[in-house]
Amino acid sequence: MRLRIYKRKVLLLALALAVCALALWGSGGGGGGRRRQQQQPPRGGPGSTGEAARVSEAPARRAALNASSPPAAFPSLPENGTLSYRSLVYRLNFDQPVRNLGRFPAARSAAADVVLVVQVHDRAEHLRLLLESLRKAPGVENVLLVLSHDLWAEELNRLAERVDFCPVLQVFFPFSIQLYPREFPGHDPRDCPRDLGKAAALRLGCINAEYPDSFGHYREARFSQTKHHWWWKLHFVWERVRALREHAGPVLFLEEDHYLAPDFYHVLKKLWALRERECPECQIVSLGTYSPVRGGFAGRADKVEMKTWKSTEHNMGMAFGRDTYQKLIECTDAFCTYDDYNWDWTLQHLTVSCLPKFWKVLVPEIPRIFHTGDCGMHHKKSCRPSTQSAKIDSLLSTNQQYLFPETMSVSKRYSMAPLSPHVKNGGWGDIRDHELCKSYRRLQ
């Protein structure tokens, strides 16, 4: 009975949000036709340059895409409650206004040979540095940049607005803690305290008393959100972003605290071509690992390793194509019910439990992706991202003559076998998380 109640709650939540989105669409969010072309968006409103990536644009709308005026800012969040915030997020996710398309026609729709998807939380300084590293990369004008947020923040939106080197689309995780601060998937006051024993929780009658994790702990929304966001983003990008419906190339998945080498685009293209020639069974291409770079780049900048994908090494700068996505999304139930709040460790589990084959990866000996700080969910030390980025820049500057290799070749082929996670981390035992996670394939 409890299982049916939770499923019903999730479905009712999804239905309510869908009605909200349709109401907005009918009131002007997607009014279509002549009325939408004549209507002037409010000052600072989303998509005021009309840069949604649609194949069937009217001539006047195409002309607007080519205008050189800067994109207007996203509106500030209204102050009349989270329902307004949810409506705004759903409208933006539906309209999908892509900035800068007129300035970079080579990246329009299916012509974008590489798509970059960044999962953004709340670290504006890290995001600023990532965007600066992108700005320095030749060829970046050919990519579509998708920023996937789980927090509406003016500072983050301003950073997105300043991107003038490639087309950029902002999307927003619609089930964030910010949008549901006092109810699931945020923290409901009626939820069980994390460390309360199950017997005591049952006596207390808290909502999720029946569903502690493998270690007897109850859910913490701030940890659950990251895995939810990652899986929602995966599906939304491949299935719901209209600009990518015909995309046949790789999608590169990043996080806000990553930092890219100037030749990352050049190297990614070389790696993708190498995969097609020498390792078509390699489902993943990674731009680097967490291992520190020792010594110079000489003799190594054009070398590539072939090995078994390992979540603790190859989850940074991970690129794959639609074929890999389609196999992965078939494992929705396994992903959404595995008791580990880490999306990457959950993927490791899928490689030995659900996917047809364990993953193989191509990764360069010299990384083209770096961290700007050892901090975040799993770290307690404070961050100085600018200090870290300066060290990375110094390393890259010292070895700049070895960047942009003309060719890349496989130098090491490791013996490969399936790898299981050495431990399950828990934090994902709540049936509400399972059902919401599984529902993303049906929503929107």
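Just so you know, glycine gets a Cβ as well, placed from its N, Cα and C.
Any TrEMBL annotation is an automated prediction that lacks curation.
Which of Cys331, Cys336, Cys375 pairs with Cys354 is settled by TrEMBL: its disulfide partner is Cys331. In TrEMBL, Cys336 is paired through a disulphide bond with Cys437, chosen from Cys192, Cys206, Cys437. In the disulfide annotation of TrEMBL, Cys282 is paired with Cys279 out of the candidates Cys206, Cys279.
Closest to His121 (substrate binding site) by Cα-Cα distance, out of the disulfide-bonded residues Cys192, Cys279, Cys336, is Cys336. Rounded to a whole value, the Cα-Cα separation of Gln225 (substrate binding site) and Cys336 (disulfide bond) is 12 Å. When the recorded positions Cys206, Cys354, His371, Cys437 are ranked by how far their Cα is from the Cα of Cys279 (disulfide bond), Cys354 comes first. Within 10 Å of Lys227 (substrate binding site), as judged by C-alpha distances, no recorded positions are found among Cys192, Cys206, Asp257, Cys282, Cys354, His371. The record assigns Gln119, Val120, His121, Asp122, Arg123, Asp150, Gln225, Thr226, Lys227, His228, His229, Arg294 to the substrate binding site, and the maximum Cα to Cα distance across that set is 36 Å. In this structure, the C-alpha atom of Gln119 (substrate binding site) lies 24 angstrom from that of Cys282 (disulfide bond). The shortest Cα-Cα distance from Cys336 (disulfide bond) to any of the recorded positions (Arg123, Cys192, His229, Cys282, His371) is found for His229.
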